[in-house]
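Visitor: TrEMBL lists these features:
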ACT_SITE  C237  active site, nucleophile
BINDING   C100, A101, A102, P103, G104, S105, K106, D131, D158, D184  S-adenosyl-L-methionine binding site
COMPBIAS  625-638  compositional bias 'Basic and acidic residues'
COMPBIAS  650-663  compositional bias 'Basic and acidic residues'
DOMAIN    1-346  domain 'SAM-dependent MTase RsmB/NOP-type'
REGION    351-417  region 'Disordered'
REGION    625-713  region 'Disordered'
Amino acid sequence: SHAKEILHCLKEKYFRELQDLEVDGQKVEMPQSLSWYPEELAWHTNLSRKILRKSPQLEKFHQFLVSETECGNISRQEAVSMIPPLLLNVDPHHKILDMCAAPGSKTAQLIEMLHADMSVPFPKGFVIANDVDNKRCYLLVHQAKRLNSPCIMVVNHDASSIPNLQIDVDGRKEVLFYDRILCDVPCSGDGTMRKNIDVWKKWTTQNSLQLHGLQLRIATRGVEQLAEGGRMVYSTCSLNPIENEAVIASLLEKSQGALELADVSTELPGLKRMPGITKWKVMLKDGQWFEEWKDVPSNRQTQIRPTMFPIKDEEKLKAMNLERCLRILPHHQNTGGFFVAVLIKKSPMPWNKRQPKVHQKLPQRTGDTKVTAANSDNGSECVAEEPTLAENEESKKMQELQNSDTEQSKKEGVCGPPPSKKMKLFGFKEDPFVFLPEDDPLFLPIQKFYALDPSFPKMNLLTRTQEGKKRQLYMVSKELRNVLLNNSEKMKVINTGIKVWSRNSDGEQFGCAFRLAQEGIYTLYPFIHARIINVCIEDVKILLTQENPFLSKFSSETQKKVKDMAMGSIVLKYDPDPEKPDDLQCPIVLCGWQGKTSLRAFVPKNERLHYLRMMGVEVFKAKRKEEESESKTAEEVQHGLAQTEEGMDVEDKEHDLVTKMEAEIGEESSHSPVESSAMEVENKIEDLDQSSKNANSHVNQESSDTDTSNVKD
């Protein structure tokens with residue numbers, strides 16, 4: 001509902017103001033919606049970064065884009081990279097793996113699809129977003145955090161050997177197979193040549209020859225973890241067949257009919273595309289061309305592999321339907337170049353003996369041997385599609401060693417970092433994920449104070465500290481809790497959960513030491529039955545524009561409701577009135593605090609600006625006054641950035657966007673009087689100083705105690 005309001009606001013206000021506008025003597029082109037993206041939810045503008053940042057006439061529009069991006073309501077992304085998530089056909093109950101997820105724009109699309117129905121706080125599905133680069137994982141966290149979902153987990157593994165996870169199904173261990181997998185592999189990026197100057201300087205045919213093997217390994221690992229009937233989308237921003245059709249053809253060949261290419265010609269109408277190709281040659285760096293593997297001299301056979309060549313057998317080739325792949329060429333609709341293939345898994349991979357179907361019970365496949373509870377881990381391990389037997393044996397031994405420890409920690413609900421030393425050689429050592437015990441005394445006052453519904457899933461509450469005071473409470477979905485508890489020893493989790501409560505020492509005297517957190521309010525709201533105040537639109541405007549307004553400023557109805565309520569954390573709810581179509585037409589839930597004589601909202605600055613914009617309040621001028629002095633220096637910094645950044649690859653340089661947002665809005669949002677996270681940010685900085693001493697490269701780490709996250713090189 002918020003997306004529809006933003007779209008309305010864009011069309012009716014911001015786009016209208018761009019009409020007939022001239023910048024540097026040139027008429028500004030109106031933004032256009034992408035015809036193939038559903039419900040007009042994607043738009044394209046020809047304005048360059050430099051013009052958007054520097055021209056005073058566009059300042060208002062620019063500020064709108066930056067602020068809404070920080071809130072998670074808008075994402076800036078290369079148009080073609082929006083395609084893979086759309087072709088996955090995600091439903092809210094799907095278990096999804098994003099194998100090479102950073103910087104996270106596609107992950108954000110997947111999370112959005114899980115929450116298609118806003119009235120369901122916990123969809124049954126989830127997204128596990130993985131990236132091999134520890135630093136880029138924090139960028140991924142930053143992107144995903146904006147969407148405030150309890151159904152996302154960020155993990156740090158090599159995608160080509162991402163471990164098999166297990167889940168508990170009715171007391172039995174089963175291997176987790178994913179319904180949908182996004183496999184957007186590392187590539188040479190030659191499709192980005194229009195915007196990425198580097199490609200012209202550094203491109204050689206060697207790039208693709210070096211990446212082909214890795215791409216094939218990642219894609220193979222993906223299809224191994226796909227459930228039968230599941231869908232995997234393989235994509236690259238390259239047009240080289242060695243990275244594209246060669247990988248798909250090789251995968252199809254070794255799957256021996258277990259995989260097929262889906263025909264997606266009727267999906268995304270309006271998208272201009274070319275069919276996949278079936279014939280190509282392989283070229284070495286020195287310009288030598290080869291048509292077949294047998295022509296390759298033995299001294300070149302390490303650089304060129306048999307899987308790089310097209311299939312010669314015409315019948316086999318025809319059965320593969322390689323023409324079902326999508327090739328998107330830059331000049332067809334003014335985009336980057338892109339390749340997409342949609343694979344469907346019809347049966348287990350041939351090198352994997354027995355694999356359960358998506359919803360099949362496991363004991364049926366162990367007819368020949370009885371699996372005791374003690375080694376049930378291994379029982380399901382042998383089903384998992386491991387590339388080699390040796391690895392399998394090794395993992396069995398490892399698991400037997402860890403079994404006794406992990407059973408103990410599982411009982412305590414602790415999901416610590418993996419014990420293996422190798423894991424600790426890179427990146428930060430993450431805090432553990434500790435689930436709240438059933439009888440934790442911490443929860444009773446919270447339950448009583450907010451009159452939580454009996455159906456509230458308190459088992460899904462977690463903290464990031466084992467000892468000392470619990471400062472923040474986070475929440476994950478039931479399904480992610482299952483994944484966390486059963487895989488803590490084999491998975492490096494960077495972040496998961498959405499903050500729902502924060503400790504507030506003032507609250508203790510009123511009966512509850514925890515105040516509600518705005519990030520998690522839409523997840524929590526359906527379970528709260530007390531301390532809710534329904535407010536009218538005028539009250540919402542007062543709450544969002546004034547720092548600590550007196551009760552006398554609010555409507556008489558609101559004053560009456562507040563009168564009988566104890567001081568402390570409250571929920572402020574606005575419901576749209578269908579009889580007043582000019583008013584805001586989407587519901588709003590805000591966290592607030594009721595004092596003796598005042599009522600205030602605890603909402604981050606950008607979110608406040610977002611709601612005010614949606615209500616038609618002009619926030620532009622007010623914002624300029626309060627940050628005029630700051631903005632001059634920020635704009636000077638931006639000018640330097642704009643010149644070096646012009647023409648960079650948006651996907652690869654996403655951290656520049658984060659840096660940009662910090663320069664422009666990060667500062668006010670952390671010092672804003674209505675934002676309660678200033679203390680947390682200070683604590684975070686202290687934590688960081690400590691951890692930087694142990695790290696060679698300094699990265700601002702997103703963790704439990706912060707509302708804002710920065711990523712620095």
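From the backbone N, Cα and C atoms, a Cβ is placed for every residue, glycine too.
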Visitor: Please give me the CB contact count at 10 A for K106 (S-adenosyl-L-methionine binding site), counting all chains in the structure.
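Guide: I count 28 other Cβ atoms within 10 Å of it.
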Visitor: How long is the line from the C-alpha of C237 (active site, nucleophile) to the C-alpha of C100 (S-adenosyl-L-methionine binding site), rounded to the nearest angstrom?
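Guide: Distance between the two Cα atoms comes out at 13 Å.
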Visitor: Could you state, as a whole number of Å, the largest distance between Cα atoms of any two of C100, A101, A102, P103, G104, S105, K106, D131, D158, D184, the listed S-adenosyl-L-methionine binders?
Guide: 20
Visitor: On the 0 to 100 pLDDT scale, where does the domain 'SAM-dependent MTase RsmB/NOP-type' (1-346) sit on average?
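Guide: For the domain 'SAM-dependent MTase RsmB/NOP-type' (1-346), the model's average pLDDT rounds to 93.
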Visitor: Just to confirm: which same-chain residues, 6+ apart in sequence, have a Cβ under 8 Å from the Cβ of C100 (S-adenosyl-L-methionine binding site)?
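Guide: Same-chain residues close to C100 (S-adenosyl-L-methionine binding site) (Cβ under 8 Å, separated by 6 or more) are N130, D131, V132, A159, C183, D184, V185, P186, I218.
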Visitor: Note down the number of other Cβ atoms within 10 Å of the Cβ of A102 (S-adenosyl-L-methionine binding site), including every protein chain shown.
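Guide: Taking every protein chain into account, the count is 27.
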Visitor: For a quick check of packing: other C-beta atoms within 10 Å of the C-beta of D158 (S-adenosyl-L-methionine binding site), how many?
Guide: 14
